[in-house]
Ligand code: GDP
Ligand code: MN
């Protein structure tokens, strides 16, 4: 789960990490009051969306020469005008996808004078199961671009959780960023605080781009992106409260409400499978026979008719889906429950695309019988390869 910049900065503030003073606004009328609570002479107006690259992004239906989602303004009035301009518009950045994101919140921040722009991120390194630091002197740019063009300017290292964070790590970051004098001490402190925030809140990603040296020689986090481990949210109510559902894929959101493991993908074949391993294998075999899966979906072991119905609704709500493959190996899950769920779902939402069903395992005969007698236009399959070939062929034929 990701959060907004202003929320990440609030967390940082709580951990004593240096950030600029700022106010979030949800309505244009609030902008003047919010901006006048901040000292000038520069007010930075920042669109809050869960995608980076806002500064270089563009609004849909922009007028000629109109700027992106991060603007430096010189008065309270100008800041309020920018808020008015951005609110409710769609901002497209290289991370948002071509559809862009609607701007519902704006952060107004006291402008900082910048001497240097640096890059600092904390991530989980899955290979070592450690937290990794990524540092670069090339701040304000995309780290992917830096990695492609000047990989020697990126320094990474990991922290052993057994020993934890120490001054040594902070000095290592400071050295990688070319800091000197009292900035080194500030950096050691900053690194320790960011690490503690990361661990205590079950973060998955924390990116500060840019981390700046101000014109007064102080370190400050000018931008902040944070993501959290969804599996840890049950013990992080304070983080969960920061969730912005308007930023999430509505299909993934619906799935999470029914405790379905669903991930939207780009292909044309909707999949309903039980078990993560079988779901992965199903996606692979769809690709093998020349099509692409529209989603990963594991309905889990003990799915009810209601859950199956919801899963089916989520799949059919995706306009990209040109065919559906249901692949169930009934162990704990019973094939008759799946069959009833499918029938209930089709009754509710209709079936406009070909449907292939492969059932195996517990109550398979009953499941097949229920489907056969339902009058539904179901293509039955015997095994995994047969099912994948049949749905790929059906989609090609109906296309
Ligand atoms: P992003 O485009 O989504 O990554 O948003 P950022 O928060 O990183 O802002 C983009 C750029 O705007 C930064 O790299 C800075 O160059 C500039 N910027 C942001 N805040 C300030 C500020 O307070 N003062 C100045 N001078 N520039 C700023
Ligand atoms: Mn940034």
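Glycine residues also receive a Cβ, built from the backbone N, Cα and C atoms like all the rest.
Here is what TrEMBL says about this protein:
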type	residues	note
BINDING	46, 53, 54, 55, 109, 112, 117	ATP binding site
BINDING	209, 223	Mg(2+) binding site
BINDING	274, 331, 332, 333	substrate binding site
DOMAIN	9-55	domain 'ATP-grasp'
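Everything TrEMBL records as a feature, shown here on the structure.
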residue: 46; record: ATP binding site; Cβ contacts under 8 Å, 6 or more apart: 5, 54, 69, 70, 71, 106, 107, 108, 109
residue: 53; record: ATP binding site; Cβ contacts under 8 Å, 6 or more apart: 93, 94, 95, 96, 142
residue: 112; record: ATP binding site; Cβ contacts under 8 Å, 6 or more apart: 20, 212, 214, 220, 222
residue: 117; record: ATP binding site; Cβ contacts under 8 Å, 6 or more apart: 139, 140, 210, 211, 212, 222
residue: 209; record: Mg(2+) binding site; Cβ contacts under 8 Å, 6 or more apart: 52, 119, 120, 121, 139, 140, 143, 223, 225
residue: 332; record: substrate binding site; Cβ contacts under 8 Å, 6 or more apart: 301, 302, 362
residue: 333; record: substrate binding site; Cβ contacts under 8 Å, 6 or more apart: 274, 299, 300, 301, 302, 303, 361, 362
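Within 8 A of the CB centroid of the substrate site residues 274, 331, 332, 333, the other residues of that chain are 275, 300, 301, 302, 303, 328, 329, 330, 334, 361, 362. All protein chains included, residue 109 (ATP binding site) registers 24 other Cβ atoms within 10 Å of its own Cβ. Remark: residue 55 (ATP binding site) has 68, 69, 70 as non-local neighbours, by Cβ distance under 8 Å and separation of at least 6 in sequence. Proximity to ligand 2 (Cβ under 6 Å from any of its atoms) holds for these binding-site residues out of 46, 112, 209, 223, 274: 209, 223. As a summary of secondary structure, the domain 'ATP-grasp' (9-55) carries 15 helix, 10 strand, 22 coil according to DSSP.
Of all residue pairs in the ATP-binding list (46, 53, 54, 55, 109, 112, 117), the one with the greatest Cα separation is 19 Å apart. Confidence for the domain 'ATP-grasp' (9-55), expressed as mean pLDDT, is 97.
For ligand 1, there are no nearby binding-site residues; that is, of 274, 331, 332, 333, none has a C-beta under 6 Å from one of its atoms.
Its own atom aside, the Cβ of residue 331 (substrate binding site) has 12 Cβ atoms within 10 angstroms in the protein chains shown. In this view, residue 54 (ATP binding site) is surrounded by 25 other Cβ atoms within 10 Å of its Cβ, with every protein chain counted. Its own atom aside, the Cβ of residue 223 (Mg(2+) binding site) has 22 Cβ atoms within 10 angstroms in the protein chains shown.
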